[in-house]
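Asks: Once you've had a glance at the structure underneath, I'll fire off some questions.
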Amino acid sequence: MFIPIFSLQNSATRDHISGISGLTLIRNFVSLGSWTKSSALPSHLWSLSVSAPTPHKTLAAMADDGFPAARLFSQGVSYTYDDVIVLPGYIDFPADVVDLSTRLSRRIPLAIPCVASPMDTVSESSMAVAMAALGGAAIVHCNDAPSRQAAIIRSAKARRIPFVTDPVFLSPSDSVPDFGSAAYALVTESGGSKSKVVGVVARSDWESLSDKNSLIVREYMRPAPASVPTSYDFEKVASFLAGGGLECTPLVDEEGEIVDLVTKEDVERIREFPRLGVPSLGPDGRFLVGASIGTRESDKERLDHLVKARTNVVVVDSSQGNSIYQLEMIKYAKNMHPDLDVIGGNVVTIAQAQNLIMAGADGLRVGMGSGSICTTQEVCAVGRGQATAVYKVSSFAKDHDVPVIADGGISNSGHIVKALTLGASTAMMGSFLAGSTEAPGVFVDLNGHRVKKYRGMGSLEAMTKGSDARYLGDTLKLKVAQGVVGAVADKGSVLKFIPYTMQAVKQGFQDLGASSLQSAHDLLRSEVLRLEVRTGAAQVEGGIHGLVSYEKKFF
């Protein structure tokens, strides 16, 4: 026997019902007609009676469409993102209204759910500034001296515009300048950043010299350009350059140090990118920047350096976070700096998550061995499929108001949709951002391809810099790699491809019937969201296939 559930006679009725717990569930059933009682629908909604404009369909019949996540992930199978597919829902909103705002940790909001991983080939000053300008965040790696890491934090927080160069400095007495990849070099009295600017040298001027070795910089440098404070935003800097007819201008911080050099070409390049969204700002009004620390005694000193540099959030960086070392570090950090959010990890099980949350963690990184350059599962036989890990940990963490960061395994926008849909609040990316203009390192030519180095923090190369502590291997006589060194093709600027990626994520949320991140989580918990496992053939079918050749462009 069918029991009529509801019909939405007008928008007012619908708005009223949307305030009921399970609001997204109702919207997804709007077009389905009348149904029988089912555990998929909360009992307090069974009595609502309204007519529907579309053919009848039973909830029992709907149950044949896929599985709720709780059932799918309780079978003792470890699933990756590619193993599962989300079934479509009901659409009653445009993709552009999808709200991707979220939280990085208990007290840190973000406009977009994107976080750059604390890797030494991913997150330094340029990446931190760009991600904050986009509304996300970057976690600056700790594979460096504490003072150097703190300097990167200060450099990023000193800026208000999303492009960062490492200015080239010369002294007036230099003979052959080294421009690196820069078009201009600043000439200061001492040849350093904390000195008065006396001129500027253009690469084009130097290259036009007939006898480059016979002249010193002072003989052909241009007059010193006017500078602007780092508090200027992009539009102010652009107006200053245009109004003065200038080719470039130094950005100077409150202490008089030159932190960047902005050129007219930089402004033109930025204007070609998609419009920036709501930036991530800390309580001080500056860009929000995070930093990672280890679990050793010496990291307590590193933490002090980072706090003094005004770091907004700290990530305790371990490949296996459920250790006495991390628990003690979390407790220490929360005790010494109660206003600082501390993110723990990495974890993949509920038991691991429980220990870190009980220690005071304000957020959790989820993932072990899922990164493209990580070999932990292969070498150590420990870890978990990322889809399963994200769902399991987030199902527990939500009851403690602890946001989950899905760390690793992100290769495309669809993976981000799956990570967020399965309960994560943000997606942390390494390889997805490596090879970008903002990633550390220089581009080189490799077999005709423009690439940048990308390495796992468990690689032997990174371990020699200090990352072995992350794998609890800094005291071992024999070092065993849990990562590799590779190269990633030039992706261009994150200021361009991240906005397009977020638009794709919005369209994914629209297809599954979720108008916000919270809405997606509501669908997941109410079991309205349905998933299925894909066979190998289904995965092939879901990708590009059957073509002799093709060109893959995302925007």
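Positions of Cβ are set from backbone N, Cα and C atoms, glycine also.
Unlike curated records, TrEMBL annotations are generated automatically.
According to TrEMBL, the domain 'CBS' annotation covers 221-280. Taken from TrEMBL, the feature NAD(+) binding site covers ASP317, SER318, SER319, GLY367, MET368, GLY369. The K(+) binding site annotation in TrEMBL covers GLY369, GLY371, CYS374. The feature IMP binding site is assigned by TrEMBL to SER372, ASP407, GLY408, GLY409, GLY430, SER431, TYR454, ARG455, GLY456, MET457, GLY458, GLN482. Marked as active site, thioimidate intermediate by TrEMBL: CYS374. The active site, proton acceptor feature in TrEMBL is assigned to ARG470.
For each listed feature, how buried is it and what is near it?
Replies: Using a 10 Å Cβ-Cβ cutoff, SER318 (NAD(+) binding site) registers 23 neighbours.
In the shown protein chains, 26 other C-beta atoms lie within 10 A of the C-beta of GLY369 (NAD(+) binding site).
Counting every protein chain shown, the number of other Cβ atoms lying within 10 Å of the Cβ of GLY430 (IMP binding site) is 27.
The 10 Å shell around the Cβ of CYS374 (K(+) binding site) contains 25 further Cβ atoms across the protein chains shown.
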Asks: Rounded to a whole number, how many Å is the Cα of GLY430 (IMP binding site) away from the Cα of ASP317 (NAD(+) binding site)?
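Replies: Here the two Cα atoms lie 14 Å apart.
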Asks: When DSSP states are grouped into helix, strand and coil, how many residues of the domain 'CBS' (221-280) land in each?
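Replies: Helix/strand/coil tally for the domain 'CBS' (221-280): 19 helix, 15 strand, 26 coil.
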Asks: From the Cα of CYS374 (K(+) binding site) across to the Cα of GLY367 (NAD(+) binding site), what is the distance in angstrom?
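Replies: Pair distance, Cα basis, whole Å: 11 Å.
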Asks: What does the structure give for the C-alpha distance between GLY408 (IMP binding site) and SER319 (NAD(+) binding site)? Integer Å is fine.
Replies: 12
Asks: At the level of the C-alpha atoms, what whole-angstrom distance separates SER318 (NAD(+) binding site) and TYR454 (IMP binding site)?
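Replies: Distance (Cα to Cα, whole Å): 19 Å.
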Asks: Please work out the number of neighbouring Cβ atoms within 10 Å of the Cβ of ASP317 (NAD(+) binding site), leaving out its own Cβ.
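Replies: For ASP317 (NAD(+) binding site), the count of other Cβ atoms within 10 Å is 29.
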Asks: Considering every residue in the domain 'CBS' (221-280), what is the mean pLDDT value?
Replies: 87
